[in-house]
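Trainee: I'd like to ask some things about the structure below.
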Amino acid sequence: MSTTSFPTVALVGAPTDIGAGARGASMGPEALRVAGLQAALESHGLQVEDRGNLSGPANPWRPAVDGYRHLDEVVAWNRAVHDAVYAELTKGRLPILLGGDHCLAMGSISAVARHCRATGRKLRVLWLDAHADFNTSALTPSGNLHGMPVACLCGFGPEALVRLGGEGPALHPQQVRQIGIRSVDAGEKRFVHEQGLEVYDMRYIDEMGMRHTMEQALAGLDADTHLHVSFDVDFLDPDIAPGVGTTVPGGPTYREAQLCMEMIADTGRLASLDVMELNPALDVRNRTALLAVDLIESLFGKSTLMREHQVRKSTFQT
Ligand SMILES: [Mn+2]
């Protein structure tokens, strides 16, 4: 039983690992399809249209130049993602971007921000991740652009990426809530504090619990707010989600992750989603993709609880 109604969902595959430090996230979209994503969403009454995969340049696997790896290719892929996601939003669809590495969130979120500006809506971005992804070319040890999307979206990065969605940066740091963070480079940490990003790291979740964390991260949403979730699968503890390129121990457990998704669903504000960094080359019998599908179902309102949905929903009424 679902108490919220969603618009038609559009699946958009972006099969590339152009911004990553390991190959394999390019196979992520197909692994999510094989794990039954479309049928799972349809079983909850959603209309789902699979747009297939975008295309873009191959991964040349070259070292960084001036602090960036594969910048031209990353720009090309993100333009394709931006255009596809923007087109779905304009048609009133709820886009789910199937990554692909997390650099592609630049294309996706710049499109969401552009759509919100055009329609006069507020935007809140939940960044579920083990990493802050707030590196710059000056701070990054690797030059991999999947470590920089939040910084680029906030205006700190190469012009071609900062201006994907038009004039100026897509996001103000105050629109972002980061959850599950447990691996941040030293210089990146200073920059996150300088820019005032709201970060709920694993220490916070350990001490305060997932329920309080999500109440904080979701506070202040109203009927005019577009909620975007950027879900890096490395958010999850590697014990349950081994199929990612950059595992970091000490992430949310299965139940904590479910509660996180269920509380997002309870707000009824989810309007776009990225599912990123799933790497089938590192997975075990597609179990990480199956887990991701399970969690996405919860994000769309599958409730495993026995008590009435409405009871929890009242937490967020404004
Ligand atoms: Mn990430």
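Using N, Cα and C of the backbone, Cβ positions are placed for all residues, glycine too.
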Trainee: Considering the Mn(2+) 1 binding residues ASP129, HIS131, ASP133 given in TrEMBL, which of HIS102, HIS115 is annotated for that site as well?
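Mentor: That Mn(2+) 1 site, as TrEMBL gives it, pairs ASP129, HIS131, ASP133 with HIS102.
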Trainee: Using a 10 Å radius around its CB, how many other CB atoms surround HIS102 (Mn(2+) 1 binding site)?
Mentor: 31
Trainee: Work out the three-state DSSP category of HIS131 (Mn(2+) 1 binding site).
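Mentor: DSSP call for HIS131 (Mn(2+) 1 binding site): strand.
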Trainee: Report, as a single number, how many Cβ atoms besides its own are within 10 Å of the Cβ of HIS131 (Mn(2+) 1 binding site).
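Mentor: I get 25 for this one.
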Trainee: Compute the mean position of the Cβ atoms of HIS102, ASP129, HIS131, ASP133, which form the recorded Mn(2+) 1 site, and then list in sequence order the other residues of that chain whose Cβ is within 8 Å of it.
Mentor: TRP127, ALA130, ALA132, HIS146, GLY147, PRO149, VAL150, ASP232, ASP234, GLU277
Trainee: Using Cβ atoms only, which residues of the same chain lie under 8 Å from ASP232 (Mn(2+) 2 binding site) while being at least 6 residues apart in sequence?
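Mentor: The answer is HIS102, TRP127, LEU128, ASP129, ALA130, HIS131, ASP133, VAL244, MET276, GLU277.
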Trainee: Enter the number of other CB atoms within 10 angstroms of the CB of ASP129 (Mn(2+) 1 binding site).
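Mentor: For ASP129 (Mn(2+) 1 binding site), the count of other Cβ atoms within 10 Å is 28.
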